[in-house]
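A.B. asks: Here you go, one structure.
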Amino acid sequence: MGQTVTTPLSLTLQHWGDVQRIASNQSVDVKKRRWVTFCSAEWPTFNVGWPQDGTFNLGVISQVKSRVFCPGPHGHPDQVPYIVTWEALAYDPPPWVKPFVSPKPPPLPTAPVLPPGPSAQPPSRSALYPALTPSIKSKPPKPQVLPDSGGPLIDLLTEDPPPYGAQPSSSARENNEEEAATTSEVSPPSPMVSRLRGRRDPPAADSTTSQAFPLRMGGDGQLQYWPFSSSDLYNWKNNNPSFSEDPGKLTALIESVLITHQPTWDDCQQLLGTLLTGEEKQRVLLEARKAVRGNDGRPTQLPNEVNAAFPLERPDWDYTTTEGRNHLVLYRQLLLAGLQNAGRSPTNLAKVKGITQGPNESPSAFLERLKEAYRRYTPYDPEDPGQETNVSMSFIWQSAPDIGRKLERLEDLKSKTLGDLVREAEKIFNKRETPEEREERIRREIEEKEERRRAEDEQRERERDRRRHREMSKLLATVVIGQRQDRQGGERRRPQLDKDQCAYCKEKGHWAKDCPKKPRGPRGPRPQTSLLTLGDXGGQGQEPPPEPRITLKVGGQPVTFLVDTGAQHSVLTQNPGPLSDKSAWVQGATGGKRYRWTTDRKVHLATGKVTHSFLHVPDCPYPLLGRDLLTKLKAQIHFEGSGAQVVGPMGQPLQVLTLNIEDEYRLHETSKEPDVPLGSTWLSDFPQAWAETGGMGLAVRQAPLIIPLKATSTPVSIKQYPMSQEARLGIKPHIQRLLDQGILVPCQSPWNTPLLPVKKPGTNDYRPVQDLREVNKRVEDIHPTVPNPYNLLSGLPPSHQWYTVLDLKDAFFCLRLHPTSQPLFAFEWRDPEMGISGQLTWTRLPQGFKNSPTLFDEALHRDLADFRIQHPDLILLQYVDDLLLAATSEQDCQRGTRALLQTLGNLGYRASAKKAQICQKQVKYLGYLLKEGQRWLTEARKETVMGQPTPKTPRQLREFLGTAGFCRLWIPGFAEMAAPLYPLTKTGTLFNWGPDQQKAYQEIKQALLTAPALGLPDLTKPFELFVDEKQGYAKGVLTQKLGPWRRPVAYLSKKLDPVAAGWPPCLRMVAAIAVLTKDAGKLTMGQPLVILAPHAVEALVKQPPDRWLSNARMTHYQAMLLDTDRVQFGPVVALNPATLLPLPEKEAPHDCLEILAETHGTRPDLTDQPIPDADYTWYTDGSSFLQEGQRRAGAAVTTETEVIWARALPAGTSAQRAELIALTQALKMAEGKKLNVYTDSRYAFATAHVHGEIYRRRGLLTSEGREIKNKNEILALLKALFLPKRLSIIHCPGHQKGNSAEARGNRMADQAAREAAMKAVLETSTLLIEDSTPYTPPHFHYTETDLKRLRELGATYNQTKGYWVLQGKPVMPDQSVFELLDSLHRLTHLSPQKMKALLDREESPYYMLNRDRTIQYVTETCTACAQVNASKAKIGAGVRVRGHRPGTHWEVDFTEVKPGLYGYKYLLVFVDTFSGWVEAFPTKRETAKVVSKKLLEDIFPRFGMPQVLGSDNGPAFASQVSQSVADLLGIDWKLHCAYRPQSSGQVERMNRTIKETLTKLTLASGTRDWVLLLPLALYRARNTPGPHGLTPYEILYGAPPPLVNFHDPEMSKLTNSPSLQAHLQALQAVQQEVWKPLAAAYQDQLDQPVIPHPFRVGDAVWVRRHQTKNLEPRWKGPYTVLLTTPTALKVDGISAWIHAAHVKAATTPPAGTAWKVQRSQNPLKIRLTRGAP
């Protein structure tokens, strides 16, 4: 009862997410509503047995699928995705479908009842199908026995043929055949094709029986059996693809074998078992049994008929008879049909789209592959004429790019057949240039470009020289002329040019842009400058200024300045950005002119960053560095023989260099010569080991790498980002070098990622970097095995003090990529000079790939494994491509280095000679300085941290902490020092840099300056870890003994988690030891560790207090610290806070267990045992339960028989909170008494005894650092614990059934709590925990108005307390009420009703004077609420004005119709408001030009010039073009209210009518060309009756439109049309009887009174914001109303009319404020203000 039946349809709806996922795998999309419609209403009408609840029967699904895929008008293409998904669910069922699917048959089961198979397939052209021949009445000849032959028979197979049933004797066979001939006509058996395999003697048989050997007929007509040979089966198996790879090819093979070899039933099983897998064979047998047809020619499900036609077990067919052979022929036919049906793959159009033409593949071959894909992955036949269009489009789009582009440009492409396209493609394919021709063409183009470039360079040089001479001549001439003009007192201007005079050569007949003497061609590259800048100073083509020059970074961009000590101010020539209002007069050699100043710019100087304002002089030849900036630079200019030099105050060169913060330490490194000079013996002895002499490396022992992709990955193609010409030229040499080395090769790949040019700091060189982020997302992740640099040096013993450091050059390029993985890393590159335009990819492991470091590190480890084995006395450390070799002596180091270089050269790796450090006692490795078994921080690292300025932003602070954190091993207590800095790095935290942060910042810097040398870990010696803890921070130092001293190995520090930070000091020490032991393990590598601390924590770890530690944490600590093989505890020591090392003096150790016992609970005498002489024995309980969907709660304190206290708690109170409230109330009521209190709540009991103290020490935070629940109740309980004189809190089991006092009291408390919860709920429970001290109100100031109102209300004045009292409460004056309610509203922004409800629920100790009126005023004057809250104003409907006759008043609008065919996407609609007549024009654009064109060419000639046009505020109507046309023609164009479609209601409704009609017509006709169907839609709209019962056609012409019924036999009555006079009379009647009444009716509507809106001129209103964004107010304003109509407003600041429904009133200012008039500087203007000035 009550259970529902699960059906296939309901099952799919319950797992709809899985259904959509399966549909997505089939490359289709399904919707739930259509899924239900097709299953329950559509497919049952196909009459193929589909139930309304759905089915997973493959046979029924196949029949529905055949109906859906039926070609022509009877098909259902919209149902294809749904039936394909049904088939996928049944074919490969998910777990929730398998119980509803019939299990697949075992290998050879008894034949089950199979569902009906698919529709009949057309017969294949195969000899398996017997020909229909006329029956022969004559008796067939008797089969002859094989004559005895003396020749030996060839034994092809060792095993005997399969046994068959005993055959009847010849006479019996004769009799049977005669009987058969009399009953039915039997056709003679056709001779079977024999195999040329020799002959074989039949085995001996009984005289009465014989063993038949079908199916080869001998010379005497005897059938013989010739089984398959092993070689045949082997060749067929290995020389053909599997059935899953290419089912069509294997089906064709089996078909040919069935035709030529005529196999028996056993042979067929042997053939299927050899060529197919078990699952494939079962699928073929199932499909074959589906194809069995009954007597009616349709697929049958009758088991007897299916088993008779296609048995699964060996049948007893007699192949010597006609009936037996017919059975076998039918079996082969069904087997072939099963192969064909099973070979069909699920529909997957993506597979078809993936077939593309190869580079050298002919179009014919490509077409065959495309057709085969159609046959395999779609249900469509590519040979079907109806599919020729689809195949043709696929052939064009998927052809090679050059062929596809030319085919797309063929004329009259729609009329081309597939054969025509193939012929055109063959012509294009055969006309392709050969590789030799292409190379010759590229070579010629390169030579021509080089020749053209040389000529342009020569011309440019000549022009540059000529321009310099001309400028100098002009300058000298200007000076002379200027002096002469000064003497003459006049000014001479440059003569004006004539209209046809050239400004360049001054000749007439052409202009400067067409001047033949003006140099042409592209500008050459800018000359390279040797400045440490990130970019050149000027624009493209600008020359750098002459010496002395300097480059500074201005506003983030580098600018090269000419040092000009004669210039007072610095000058910028271009890209100034915003300019200020200031200007200055500049006097130069050519005269004076006024120029403007720029706003302040950030300028990076050598002395720091300054703010400076420049003069913007566009016509200045170069940017000038004047005396103002030279002063800020403190520059010094020296004149030497080589020229002027500009240096800083200390003599250093001035330069700007930008680089990453992590590389800044390299600036401070002292430059030195490379350790390996290029001419040294190391280079000559090992030429193959160095990149400088051995070239690009190649790891010869490493196989090409195959990059596996994720299972769901698909190729990603991202276009190349735009790249500047400078960057392209910068990376071009690198690309060319990699191409020459074979590391890059051209390719064609569906993958593509962009290439980024990255400029190297300090140079103009670029390097290519590929953005492989998208590829990294699609590649399988592998576990990274790169060594950790944190503990890598732990494997370096201090005894090895001779080092060699090698850095492998281009390390990743040493590993090859497999050809199948190379397309993943393709990118675009175009170089016309080299003839490259396409994609390039890497043949080696690329940089930027996420797995490159791990793959290379593992490969190099494998290659160097033999070296480590052969040299056990050497230490070889490897971090990716950085190698460190350590030895005990110089000789061993040199010998090992030679062996390592020889090994690297033989393996194919190359080291950088410039970075090599060979056989030295002091080297730099991974940023450390290694010397004498110790590691130091390099001075460069220290200088980097010390040189960073004080952080101003969280990002700068994170950069500082990251840089300093690298050095934390050298800084004792780093975590405690940096504690004030870390909170400022969190997102959303205000960056407030105070004294604490500055102190921490300076302490870290100071500690870094005094950083000691740390010893390298010696894994042969034990380690000692000294641990201390202070205020939640663990600090320690890891040491090893060196003689009598302890040498530090690392300083460790870490902050404890919030839980451990709240423990007592002894337990915090346990947590600190555990944390630092874990970190020290990274350096000790599991070696013995002795822990020394000022606490005896070993006893605590062995017997930890369970009330402080959880079981999981206790187990973790014990497993780590009680491992005696690795961790041991030393004696208790006192540590020096500065060094964390032990102090010489001894202190008496304390007892940690005793201290923990003292800090165990909250109250020392609190116990859980009953007090014998208690004053009270109470029972507490809290109850919380659901009733009618609402959670009720209550709490009670009782004795065994009576209720002491009971209260209902607010709805939603939890049971735990109720228990705390009950216990707290009991403690309060027993103040000063002895109390035994029982509670059945473990939560309340544990909080009082244990957890409360833990929470208090932890700061009331959880283990995750969040605030605990029931915080206020816990605090109240902890405070109430100290109220009773003596206290015992006892836990008792809940819901006891005994008769003890404890059970009775517990039941009483539980019943009282439930009864209290059912009563009226208290408004708040804060009264239970708040202080009982009465609240004294402050001194109130009452105004005269307040006093008058108080006397009216009958309030009394309290003389002693100094305030008025009403209703027993102090009265709060009006001003105080306003301040309180205004603050409350600003916090909550509640409505007046909600604020009243809130104040009524909270029991306020005051009586608020004029509360309701103040609430209303506060909410109405709130600006935030006015801008956000919705408006409830209701505006009555207005009346639209209509024309008084046809053609005078039109409404016009654009509407978009998608999809747009042939470029038509819009519909311009005109509606006559009088008659409703509609004119619509399809357009390609929505512009004012289109509107004007249709108005003048269509509306005006047919209907006359309109008097009024109405439209919305669209750009096509509100533009100046449309309005100007209307003004010229005298048309009154009325723009309706913005965002108010009802204002244009008639044309908007017509838009909807036309689009709905077009939609119906497209569905009915099956075409998408809505332009073709538009006349039918207009005809419908023009002949639809309006509100007055007349159609627009009848209103215009006075009669219905003429209709002709072409099926009427009497057409004569329709041939005579009315005369012209009759038409004129009808129009006159229409004008009198229709037009005038309609005009009168429209006028009556206008005369009806309309309720106007309440807004008046001068009111302030808020205007609705129609396009709001997130967190943006709904209303804008307020605005002042300027004009009004009955339905719309015009406001100040908005040009369009606004409908009254889109505004709401704004609160007017107080009446006391008045407008004031003020004078302004302009005598024609005055200023109006209101309010305080």
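Cβ atoms here come from the backbone N, Cα and C positions, even for glycine.
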A.B. asks: If you check Swiss-Prot, which stretch out of 128-132, 1118-1122, 1593-1597 is marked motif 'LYPX(n)L motif'?
C.D. replies: 128-132
A.B. asks: Of the candidates Asp807, Asp810, Asp831, which one does Swiss-Prot list alongside Asp881, Asp882 as binding Mg(2+) 1?
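C.D. replies: Checking Asp807, Asp810, Asp831 against Swiss-Prot: the Mg(2+) 1 site match is Asp807.
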A.B. asks: Are any of Asp881, Asp882, Gln1216, Asp1240, Asp1310, Asp1453 (the binding-site residues) within 10 Å of Leu1186 (RNA binding site) when you go C-alpha to C-alpha, and if so which?
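C.D. replies: Final answer: none.
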A.B. asks: Quick one: which residues besides Asp807, Asp881, Asp882 have a Cβ within 8 Å of the Mg(2+) 1 site's Cβ centroid, in sequence order?
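C.D. replies: Result: Leu806, Leu808, Ala811, Tyr879, Val880, Leu883, Lys915.
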A.B. asks: Since the record lists Arg958, Lys1054, Lys1082 as binding-site residues, which of them has the fewest other Cβ atoms within 10 Å of its Cβ?
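C.D. replies: Comparing Cβ neighbour counts within 10 Å for the binding-site residues Arg958, Lys1054, Lys1082 gives Lys1082.
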A.B. asks: Out of Asp807, Glu1219, Asp1240, Asp1512, which of the binding-site residues has the smallest number of neighbouring Cβ atoms within 10 Å?
C.D. replies: Asp807
A.B. asks: Among the binding-site residues listed here, Asp881, Asp882, Asp1181, Asp1310, Asp1453, which has the most company in the form of other Cβ atoms within 10 Å of its Cβ?
C.D. replies: Asp1181
A.B. asks: Tally of helix, strand and coil residues over the compositional bias 'Basic and acidic residues' (449-464) according to DSSP?
C.D. replies: 16 helix, 0 strand, 0 coil
A.B. asks: Are there binding-site residues among Tyr721, Arg773, Asp881, Asp1310, Asp1512 that sit within 10 Å of Asp1181 (Mg(2+) 3 binding site), Cα to Cα? If so, list them; otherwise say none.
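C.D. replies: Checking Cα-Cα distances against Asp1181 (Mg(2+) 3 binding site), the binding-site residues within 10 Å turn out to be Asp1310.
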A.B. asks: Let me make sure I understand the structure: which of the binding-site residues listed (Arg773, Arg941) has the fewest other Cβ atoms within 10 A of its Cβ?
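C.D. replies: Looking at the binding-site residues Arg773, Arg941, the Cβ with the fewest others within 10 Å is that of Arg773.
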A.B. asks: Just give me the nearest neighbour of Arg958 (DNA binding site) among the binding-site residues Asp807, Lys1082, Asp1453, Asp1512, Cα to Cα.
C.D. replies: Lys1082
A.B. asks: What Cα-Cα separation, expressed in whole Å, is found between Asp807 (Mg(2+) 1 binding site) and Asn851 (RNA binding site)?
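C.D. replies: Pair distance, Cα basis, whole Å: 20 Å.
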A.B. asks: Which residues, in sequence order, are found in the same chain with Cβ within 8 Å of the centroid defined by the Cβ atoms of Asp1181, Glu1219, Asp1240 at the Mg(2+) 3 site, excluding those residues themselves?
C.D. replies: Thr1180, Gly1182, Ala1218, Ala1222, Thr1239, Ser1241, Ala1244, Gly1294, Asn1306, Ala1309, Asp1310, Ala1313
A.B. asks: Quick check: of the binding-site residues listed here (Asp881, Gln1216, Glu1219, Asp1240), which one has the Cα closest to that of Asp1512 (Mg(2+) 4 binding site)?
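C.D. replies: Its closest listed neighbour, by Cα, is Gln1216.
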A.B. asks: How far apart, in angstrom, are the most distant Cα atoms among the DNA-binding residues Arg941, Arg955, Arg958, Phe966, Trp1063, Arg1113, Gln1187, Ser1214, Gln1216?
C.D. replies: 69
A.B. asks: Does anything in the same chain, at least 6 positions from Gln1216 (DNA binding site), have a Cβ under 8 Å from its Cβ, and if so what?
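C.D. replies: Once residues fewer than 6 apart are set aside, Gln1216 (DNA binding site) is near Gly1182, Ser1241, Tyr1243, Ala1244, Lys1269, Asn1270.
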